[in-house]
Amino acid sequence: MHKRIVVKIGTGVISKENGKINERVIKHIVEETTRLRRKKIEVVLVTSGAVGTGRGLFALKNRPDSTIGKQAYAAVGQVKLMGMYAEHFAKNNIICAQVLATKEDFRDKEHYLNMKNCLENLLRNNVVPVVNENDVVAISELVFTDNDELAGLVASQLNADAVIILTGVDGVLADSRVIREIGFAQIASFRKYITKDKSSFGRGGMRTKFDIAKKLSAQGITTHIANGHRRSVIVDIIIRGMPVGTKFLPRKKLSVPTMRTIQKTFGIAILAAFFLMPLSASAAVKYKPFEISGWIPYWRAATGTVDAMAHLDTFTEVNPFGYTVKTNGTLYDAAKLGEAPWPEFIAAAKAKNIRVIPTVMWSNGEAIHRILSNQKTRIALEDEIAAVVKKNGFDGIDIDFEGKKAETKQYFSTFLKGLYQRMGNKWVMCTIEARTPIADRYHGTTPPKDAGLYANDFVAINKYCDRVRIMAYDQQSIDLKLNTQEDGKLYAPVADPRWVEKAVALAAQTISKKKIVIGVPTYGYEYDVTAYADGYTYDLLWSFNPGYALPIASAYGIIPGRNSANEMSFSYLPTSTAPIAGSEGTTTPIIAHDQLAKAAQSVASSTNSHLTFRLMWWSDAQAIKDKIALAKKLGVRGVAIFKIDGGQDPGIWDVLK
């Protein structure tokens, strides 16, 4: 018997033919959920219908089908929709809770854990979570494909036993007959029966449902696609075990998936954390021989601006990490730069003659290619960015378009050229990838034929950008030559100075050093590490700020140490109760930072087995000092700190003076 399930209720199930919500369907779903709860089965509902409910309550006068119109309908509809669920659950003596989500809740560790802990707590207290996409605030970069994807993400996050996707058809059809069961190994062969048809009211279709079922099955979660109009459909599947709809059999149940595993499975991009033309006379006024800039992320605007404000004299430039681009090619002000705390902060920076240059971040490769390869939409974006900069009195713009396709290269170069022409005396900056020399990246192996194929043209970037920031972080395992040199040691650097120097030297072959700025990280990563006789394997869990690591080290009696990348790290074995280190009556740390890792590999070698432990690796003030010294040695323009959010090592401010 399943202990925890997720039920996704499609728009086509919950809506009448006129698009309005069918409350009778909600009543039946609540009654079935109640029966499952009485069997001690935890249920999470993922519901559609907010926009449809809103349409049933009032009619917009202007552009009802626009994004803004749908957001207005959703804002009104969410209240009524949840009221229906709450009313019917109350009749069955059950409390329900509304949980609204966007993709950001599955990108950022803090968001992810907050949501997971909230859902787990609700279930422990016998509350039924009713999850829906936050249509009111969701933008193109944060929107789910549809609620099928949201249901899949929630099920993975909660390690559910089964998912039921309720739709308007009986299941996957082959020659008009329902395929009752699809084994995990057979899934790919059955995709040929899937059509591209979509619901009249929802965004998804059977193809999306099939793909979500495939991803869930790969994680060991049983998935059912069934007709939501059938009475007792949930009870028939879960309690009675009847062959209703199409059942996707899972492969062997895996361990609880990590946030990173879920992100990889569902293709959720992570925001980077977690990018010899002369300057115009007016632009060159704000100039220092060695420049220091810092990105302030919109998701931590309050703490980031407070921290930066207290140390404004440190900076040549500050970069509100605040704009994104919608899939239609228009800007979205995610940071809300016209609202507190930004106006006061920007005014203070300008008063000290510090450049204020916001970043436009975009990581949707498909949308980037579609917009930039079309002359009309490309020019429109160039015009809009230039207009926003001039209207708000910014000193320029920083372009951070990641995840681009190689075939987008020429269009991106044309975009930069057009933007440069429109910006006049404003700065155009570009944030780009750190390239590892091919010989080092594929050391000991044969490089693939497309190894030198890139999405950025460094020659064009040098020509049309006043500053070029190299994201010299998130190195991890990309440099096989350095990995080989560190063979037998723990090695999962955020940014080894040796690798950074290689990346800068390679970029400097085509980009003027007078323009190059080295991106410097302030964060780190936690890994699950498995020790084998001949080395280690690493499974990245999440990013973190230093303040997250130090209490853990203290609790386990470990002294974090400097590693071969001159960053900080330590290894530990998670337990329910952390040991108290030192002699009786004292908590003095006595365990070296790499002691556990060495012991684990020793055991693995002597017993021909493997052991798993945790590794925390991060960039601290000393590591940042090293990068500044390297930048000065290499003769580049300066450094850009990613990120200033109040969570970096406090010692950074002494280093940046």
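Using N, Cα and C of the backbone, Cβ positions are placed for all residues, glycine too.
Of all Cβ atoms in the shown protein chains, 31 besides its own fall within 10 Å of the Cβ of Lys8 (ATP binding site). Lys8 (ATP binding site) falls within a strand segment according to DSSP. If you look up TrEMBL, you'll see Lys8 marked as ATP binding site.
In this structure, Asn147 (substrate binding site) is part of a helix by DSSP. Feature annotation from TrEMBL assigns substrate binding site to Ser48, Asp135, Asn147.
Marked as transmembrane segment by TrEMBL: 266-285.
What TrEMBL lists as domain 'GH18' is 290-657.
A count of other CB atoms within 10 A of each Cβ picks out Ser48 as the most crowded of the binding-site residues Ser48, Asn147. Inclusion criterion for the binding-site residues Ser48, Asp135, Asn147: a C-alpha placed within 10 angstroms of the C-alpha of Lys8 (ATP binding site); this criterion is met by Ser48, Asn147.
Within the same chain, the residues at least 6 positions away from Asp135 (substrate binding site) whose Cβ sits under 8 Å from its Cβ are Ala50, Val51, Lys70, Gln71, Ala74, Gln78, listed in sequence order.
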